[in-house]
């Protein structure tokens, strides 16, 4: 019996419950539990990725009810990659949070684990209704985390976030209902098989249901014109939460890829690829909007939020291109953008702590203490998100540009390249203001005045007590930053094998016949491993 | 492999200076110089092989999917540039050691410089189009860091950003261009591309590709109209200018022209675009060089002008012109680097670079003066210096071009004018600074710089003179090798010599020299003429442009995102209407094969009541209590509908949920501000009514269409397997706790998180507590009426018993953990309401969070338990047991799972209530007391 597939859900669930049982008491044991569980999750996911590389599609039948009747979790290259990505992102964010941010409100560590459970469940499930359930888990957990630490801005933007997403959930239910009404099944592989045998009249119903789901997924992914909840929510969220949220939009992107390549693959006849034209044009608009937003940002966090919008536009444009090459390219880009934009939020927080009153606003202010470290990391982050080589951003961008068909090139190339330029212009402004434009006199007085405070802060950080904010980033924060931002050079160095992996993933996605076979055609009581 | 080292060593070398310190400057400089010296040695070792016509190549696979490999080549062209970059780079390292002031951070400078050097080497040695682009962008970035080195100065920051923006934009264009070329050729391998001239030029994509590549080259090489960034890059420390604007950065653009020459050149588009751009740039730069007062400004514009010369040469349809272009690249690099370093020395020694203040420096620094005179002569193109040779080749080649048809004579004429201007500004530079009477009012009294600082200048000047005197001996071999690379074939035979006899080119040269002298003497007329124009500061304009762009972007975003949830919802609804509408319009009719069920009076009445209540909820939204009651009617009708259509479980659940919901909603509404915002205007109401109707219509149509079609679904399986597989007769419950128990696990997790989330939210929130309702009537003083309290206490045990019963029978008859939990919760809620939070908590000091969490935990552990039996998560087991006294009983593990559900529901619901309720007591959070 291979229980490994369910572990990315069970590990954070059990850890989360253990952490939530008692919400009071010292922070250190909670941190140890949280970090250990997340480290374990990374290990589990790495094993899953390794398993997936033999190109077998495995499933795990919950309650031993075989598909299409029971709920299954499916492990293929794509789901393995997504949970792995989530685990790494979570580990970096949690390291950062464990430096003190987690104690600014109650229950952070436990909710963080449950959030991970929701995300992993959404990536692994092979059942459309179960996907809805996990969407709920991750929505409600993310809302709670968004509120962490309190404050007017968070509650305001959080309300928009939760209201829009609850409306999205209602739509999800309607969509699933319509699809079930027309297809009579919820297992995605079974749905894919049944779509092929649809008569003309039900086809329309299926189309309507599918497009409703597209709206829901687009809302989650923050595609124009449904992205409105994102910028303020991400900009006001606590940094480690915002960092983890970098994967949330990707859940939407993933759902679009999964549902619309599997259920509405080539076997679906006239319904094949029904989402892609909508996605393509709106993605281009999102991409352009992201560029405008990045330029307009007055605050580094907001800028990072728009960089997320930009990356979503880029990813969805890849989805809209609807080819194996484009899928392979976008999956590489997805890994890069998730980790690096997540890291950017952590970096914004670190910078803002050191700049005192000026915070993350892009205005002249006090110089940061660790200018070499933070400046270097900012340079790295900016280069990679703006797509300046040699880091992962440029590789992903070039892959996407390359995979556009001649008919798509005249649209994608200018928009993507000009958005990149907007990002370069905006980030060079931000960087030079944050790091270079600090007035020298202020810095000198700073040095004299701040030194005692800094020492105090350094001392204060070691016992990790209370909510005392260290002025200099301590080892945990730096470790978190390095895990996420350091991913970029790693993704660059191993771009060869990684692109090979994403290419194989895209091919596996395209071969949806194999997927259906692996899940539906079985000897009656296979153990599903 | 050692080929790769030429690039890798400087890359590693960029880390070396970081190990040095600002205090030990000699050590830092020496350490830094090690890597490039070795790299230069390796390059020289390859020299013989390359000059023989070999092209050493080395490659390491990197990203096959992208067609990007770490491939390097060292052909003649690369070699020429590698020698320039490393040679001049080493001189710059030496020079910098003396240039930087004590306060300047030396390790940082050297690190950036080495990074830049690496990227330049990468460009010139790249054997793969995309690799070339990678290094290309790196030069933009590292030059940004170098130009912004003195980052406290506003000019440095702005100049750096301007350079990055312009060259970055060019880099993106170049990427697009190279990708196009790669797609035409089907490979990014440099050799393949260079060999595919026919293929490329016959493709319809040739023109866009050419334009994009040229855009990259021209922005980098500061060709008109992209010249404006270069003069502002002079805010950099002088060694940076000397390096970037003589041998490297700006030469990357012309290098690209030479590199891609075999593949792209020769077409009409190429000739016009490249030739004319070069010509215009040549004149533009030379004219403004004459007018500038800043030493580095003069040199900057002169650089623009000389780059124009090189570009023009690559744009002339002649093989010899390409050779001349390459030759001029070398010459310009030498004399311009020397002149920049001289300017730096002058600046260093005198404290100013303003040519109007500098005078007669030869008295103080004779050696420097000599160097400046010699290098200046080379720049002016005086015979016996290297500049003369390449310039004369340029003039000779310009005579041959038929580019403009009948007007082709314009090209040599304008080229001569350009040379004339260059003589004039060189003369002005040298004479005004070093001669022209005694110096006055200098900020500092100058003297000769340290010998070692002057040494690089001397070396370069010597090269200028030696090449000028012995061109054939020194340059032929290298140039021929480079030219054969740039021309993809044998180089034309070179006859480098000082004297070619009296020919038109010589006459043009002489005209330029004499004319330049004349112009220099009469320069005040030019200044007077220029004064009639309003001066334009490119930096200001650029900054304004960027600011404007940012403001427009901000306005666009602000007008799109106005912070109104209504608007965001509107988009969501519109999206639904669009997509679902587009699908539904394709169907011929909604009615499926099934007949409508017969209507009866009860159904109609129920529907009318539900609709009425729904409408009333919306219309009465200002009177919250009434609105809420109306909402509860909708809920009640829904439960009845469930009951009517044979779904007792759902009916029970809905009923219980409705009760709990109403109480929580009332509590929440209590805290909302008494005054609601202004009522919407008529147009908005109309809009919303239409949208709501449209949305409702779509959902109703979908429902109708689904319900009138026969359903062939997997539900039959559940009906058949409920008893044999799940051990229960209530299929709904078996689905909840067994078939789809995983969904339930997820949902109770949601419930648990929601409760914890509410705690988290309220825990810090300090809400205004109203003392009266909207009409100003105070709330009743009797908070806990005695009758209600008594009733609640009486009901409690009864309700608990009922819920226990419902829970137990759940697996076989309507009921189950969820409903039972809701009933328990409702009974406890009633007690809370009747007796108040304080009273209840005193008597039952229960923490609800652990209960809710434990509930999920029990459900999870039940699932994990099946691991022991080698079964997948949540696999159920059931069996008949005989228990004494009670008798035979059927027990399923599902009941444990259901217990988890029960606990979660009770715990979560009460946690929500208790926390909302607490807000009304003295335990409410206050500003002073913050819980961790």
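Backbone N, Cα and C define each Cβ position, glycine as well.
Annotated range for transmembrane segment in TrEMBL, selecting from B:340-362, B:409-431, B:524-546: B:409-431.
Counting Cβ pairs under 8 Å to the domain 'MrpA C-terminal/MbhD' (B:610-674), the top-ranked stretch among B:63-110, B:684-767, B:787-910 is B:787-910. Long-range Cβ contacts of the transmembrane segment (B:78-100) within its own chain (Cβ-Cβ under 8 Å, at least 6 residues beyond either end) map to 6, 25-26, 29, 32-33, 36-37, 39-40, 43-44, 46-47, 50, 106, 109-110, 113, 117, 120-121, 124-125, 237-239, 242-243, 246-248, 251, 255, 326, 329-330, 333-334, 337, 341, 344, 348, 449-450, 452-453, 455-457, 459-460, 478-479, 481-482, 485. For the domain 'MrpA C-terminal/MbhD' (B:610-674), the model gives a mean pLDDT of 88.
Sorting the domain 'MrpA C-terminal/MbhD' (B:610-674) by DSSP state (H, G, I as helix; E, B as strand; all else coil) yields 55 helix, 0 strand, 10 coil.
Residues of the same chain lying 6 or more positions beyond the ends of the transmembrane segment (B:30-48) and with a Cβ under 8 Å from any Cβ of it are 2-3, 5-7, 9-10, 12-13, 16-17, 19-20, 56, 74, 79, 82-83, 86-87, 89-90, 93-94, 110, 113-114, 117, 121. Long-range contacts of the transmembrane segment (B:498-521) within the same chain: residues 290, 380-384, 388-389, 391-393, 395-396, 399, 412, 415-416, 419-424, 426-428, 431, 468-469, 471, each at least 6 residues beyond the stretch ends and with a Cβ under 8 Å from a Cβ of the stretch.
Across the domain 'MrpA C-terminal/MbhE' (B:684-767), DSSP helix (H, G, I), strand (E, B) and coil residues number 68 helix, 0 strand, 16 coil. Under DSSP, the residues of the domain 'NADH-Ubiquinone oxidoreductase (complex I) chain 5 N-terminal' (B:63-110) split into helix, strand and coil as follows: 29 helix, 7 strand, 12 coil.
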